[in-house]
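Colleague: Annotated ATP binding site per Swiss-Prot: HIS19, ASP168, GLY169, LYS170, ARG234, PHE235, ASP243, ARG249, LYS250, ALA266, LYS270, in sequence order. Here Swiss-Prot flags GLU47 as K(+) binding site. According to Swiss-Prot, the L-methionine binding site annotation covers GLU60, GLN103, ASP243, LYS274, on the basis of sequence analysis. Annotation source Swiss-Prot lists region 'Flexible loop' at 103-113, citing sequence analysis.
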Amino acid sequence: MIPGKGRYFFTSESVTEGHPDKVADQISDAVLDVLLAQDPMSRVACETLVTTGMAFIAGEIRTKGFADLPEVVRSTIRNIGYNSSEMGFDWKTCAVISSIDKQSGDIAQGVDRGNPEDQGAGDQGMMFGFACDETPTLMPAPIYWAHQLSQRLTQVRKDGILDFLRPDGKTQVSFEYVDGKPVHINNVVVSSQHADNVSNDTIREGIIEEVIRKTLPEGLMADDCEIFINTTGRFVIGGPMGDCGLTGRKIIQDTYGGAGHHGGGAFSGKDASKVDRSGAYMGRYIAKNVVKAGLAPKCEVQIAYCIGVAEPVSVLVSSLGSSELSDEVLTRAVREVFDLRPYHIIKRLDLNRPIYGKTTCYGHFGRELPEFTWEQCDAVADLRTAAKI
């Protein structure tokens, strides 16, 4: 997607935890975490819909644990900050409706095996991982900085620095590239829900000074960088009252901001037996280690599975033309170093833990938290040996 030569612009967006789709994602992952904490072998596929005054949870679950769904939903909404009916969503009064079934036995028989190493993939499909040398965490610059802005937008709201802000918000960053390298930011877009009776000038000044200038390093923004803030002129009605939210509708901001491919599968509410999630995490882990090892400045990994089959049906590791090493050499090295059967992915990355609430907002990739094992660069030496460099 991104050209390698010439001058061009590339844009990525991020959303805050109060965005309705992210509210849904957080509820789904909260249910998952509650069950994994009690039963690490829980099988969870939890979807959430949120709208004015209501949260609806549906899905298929097999577990020895128990989740008090109304309590999980309300505590999640409370932590986000929807605490008043004036916002159209209040953790104390919102309705919680659920329809949870058992995991299909037809699916279970394809995943469960007498020998754990033979665990089959939970579905067919392809997953992608990506890494590049544009930022310290080996993420594309546009999505990296869009997430930084979203995190700061939430921080100034929760810390009371800009006490007129409300939970819903979005950010967007456009970078100018020259010959494949990010040079500077051409424009920034920030939209934030706010209290009524606050002037646009107050909102604009506060966001520029407390969010943008305290997030983006001096010199990163072009001299003529345009800043767009709440460009409709009013953003009082937001969150689930302004838009219905659904699990799995922010898959691009969850990953690489459009800089890499996406297989289409969402992450939130799914345990690691679902290769939509574990396969994508493994893809990121591989791509990041390839770049960190110096095998390529840019790397994309595709892994594809057949439901009920342990071994992937295809694996491709590509430098997208950025490396002196061929894609064939990179792919062979990766296959030598990494076991891509679901059981071994889950074991290597320790994915049967209640860690997913931390992944939900501001990107599943590019945040080097202790729980995010897929962000570790601990396979560098093995990859260099396998690639014979």
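Just so it is clear, glycine is given a Cβ too, placed from its N, Cα and C backbone atoms.
For each listed feature, how buried is it and what is near it?
Modeller: Cβ neighbours within 10 Å of ARG234 (ATP binding site), excluding its own Cβ and spanning all shown chains: 11. DSSP assigns ARG234 (ATP binding site) to coil, not to a helix or a strand.
GLU47 (K(+) binding site) has a Cβ environment of 21 other Cβ atoms inside 10 Å.
In the three-state DSSP scheme, GLN103 (L-methionine binding site) falls into the coil class. Of all Cβ atoms in the shown protein chains, 20 besides its own fall within 10 Å of the Cβ of GLN103 (L-methionine binding site).
In the predicted model, residues of the region 'Flexible loop' (103-113) average a pLDDT of 73.
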Colleague: Is it possible to get the count of other C-beta atoms within 10 angstroms of the C-beta of GLY169 (ATP binding site)?
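Modeller: For GLY169 (ATP binding site), the count of other Cβ atoms within 10 Å is 29.
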Colleague: Would you count the other CB atoms within 10 A of the CB of HIS19 (ATP binding site), including those on all shown protein chains?
Modeller: 29
Colleague: Just how many other Cβ atoms lie inside 10 Å of the Cβ on LYS270 (ATP binding site)?
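Modeller: Other Cβ atoms within 10 Å of LYS270 (ATP binding site): 27.
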Colleague: Taking Cα atoms as reference points, which of the binding-site residues HIS19, GLU47, GLY169, ARG234, ASP243 is nearest to LYS274 (L-methionine binding site)?
Modeller: GLU47
Colleague: Of the binding-site residues HIS19, GLU47, GLY169, ARG234, ASP243, which one sits closest to GLU60 (L-methionine binding site) when you measure Cα to Cα?
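Modeller: Smallest Cα separation from GLU60 (L-methionine binding site) among HIS19, GLU47, GLY169, ARG234, ASP243: GLU47.
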